[in-house]
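Quick look at what Swiss-Prot lists:
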REPEAT    31-119  repeat 'Solcar 1'
TRANSMEM  33-52  transmembrane segment
TRANSMEM  94-113  transmembrane segment
REPEAT    129-213  repeat 'Solcar 2'
TRANSMEM  131-150  transmembrane segment
TRANSMEM  188-207  transmembrane segment
REPEAT    220-314  repeat 'Solcar 3'
TRANSMEM  222-241  transmembrane segment
TRANSMEM  289-308  transmembrane segment
Amino acid sequence: MELRTDAVLASLEMSEPVKNDEDYESLPAHASLGTHMTAGAVAGILEHTVMYPVDSVKTRMQSLQPDPKAQYRSVYGALKRIVRTEGLLRPLRGLNITVLGAGPAHALYFACYERIKRSLSDVIQNGGNSHIANGVAGSVATVLHDAVMNPAEVVKQRMQMYNSPYRSLYDCVLMVSRKEGLAAFYRSYSTQLTMNIPFQAVHFITYEFMQEHFNPHRQYRPETHIISGAAAGAVSAAVTTPLDVCKTLLNTQENVALSSAHVSGHLSGMVNALRTVYRLGGVPAFFKGIQARVIYQMPSTAIAWSVYEFFKYFLTQHESHVQEVSHKTSPT
């Protein structure tokens with residue numbers, strides 16, 4: 001998920017006078033941080049909540065040695081079987097920890113991205129759009145995002161798996177910390193970064209590229225944010241699926257798969273994960289769940305961008321209105 005802030009001025013296409021102040025993309029300096037964090041938190045929570053059942057399916061489809069009862073051919077077929085055999089709420093298992101992590105993680109993510117992108121764009125292209133600035137800003141923002149989100153990812157994916165032994169969120173956190181130590185919550189952090197840094201770099205560059213073509217004046221146009229976000233999510237999800245498979249293995253520590261690969265103890269490290277995945281399924285194993293991953297990411301990033309841009313626009317316009325009223329009522 002992600003975003004954009006260029007200093008290109010665009011007045012609203014309404015029957016009101018053209019204003020000379022910055023449009024919503026440029027965000028007034030006094031309000032930008034709070035606006036970005038609020039909009040980012042809301043966008044992140046909605047993104048993960050709306051598409052969570054598909055994310056649960058993706059986690060199961062990436063299992064290297066799935067239970068015969070948990071082998072699925074399609075996302076729809078998987079959801080139908082899970083609901084029929086495990087209950088209506090089963091696809092939502094682990095959603096609570098995801099929401100707890102997504103709010104602060106995305107608040108930091110969007111705020112960091114906007115600040116770094118603006119600073120780098122000023123240096124590289126005098127405030128104009130720069131793909132280098134977009135990629136670097138997205139990568140740096142990812143480091144902060146994943147530091148907050150990684151423990152939530154570990155708990156979430158363990159609760160999503162078929163026949164998960166954990167009764168609740170608290171039970172999962174307690175059992176993992178007792179048996180594997182607190183380090184277990186960050187065992188996949190380096191792999192997460194290895195996956196998410198290229199993911200976000202591709203994601204932001206694709207989004208900005210699409211915006212340049214569909215929304216060159218950087219106005220608030222919801223349809224362009226949805227289209228650009230969906231395209232960015234699909235491309236970045238597809239090219240990073242092999243790394244996501246490795247991350248899932250490190251997060252879940254899938255016992256059957258590790259036993260088949262003769263791995264004793266706990267699997268750690270990207271190199272070991274790559275070797276294990278290849279040993280168990282060859283090259284095709286690196287693309288397990290790619291359909292579910294793309295289906296999940298396309299609407300997720302479209303939701304994240306459209307919600308983020310809406311709240312950024314709404315909050316900025318509200319603050320501008322408050323300032324205008326305050327200025328008019330203040331004594332001269």
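Just so you know, glycine gets a Cβ as well, placed from its N, Cα and C.
For the transmembrane segment (289-308), same-chain residues at least 6 beyond its ends with a Cβ under 8 Å from one of its own Cβ atoms are 1-3, 39-40, 42-44, 46-48, 50-51, 54-55, 57-59, 61-62, 74-75, 78, 106, 110, 203, 207, 222, 225-230, 232-234, 236-238, 241, 244-245, 248. Under DSSP, the residues of the repeat 'Solcar 2' (129-213) split into helix, strand and coil as follows: 72 helix, 0 strand, 13 coil.
Restricting the average to the repeat 'Solcar 1' (31-119) gives a pLDDT of 90. Note: the repeat 'Solcar 3' (220-314) comprises 77 helix, 0 strand, 18 coil (DSSP; helix = H, G, I, strand = E, B). Under DSSP, the residues of the repeat 'Solcar 1' (31-119) split into helix, strand and coil as follows: 72 helix, 0 strand, 17 coil.
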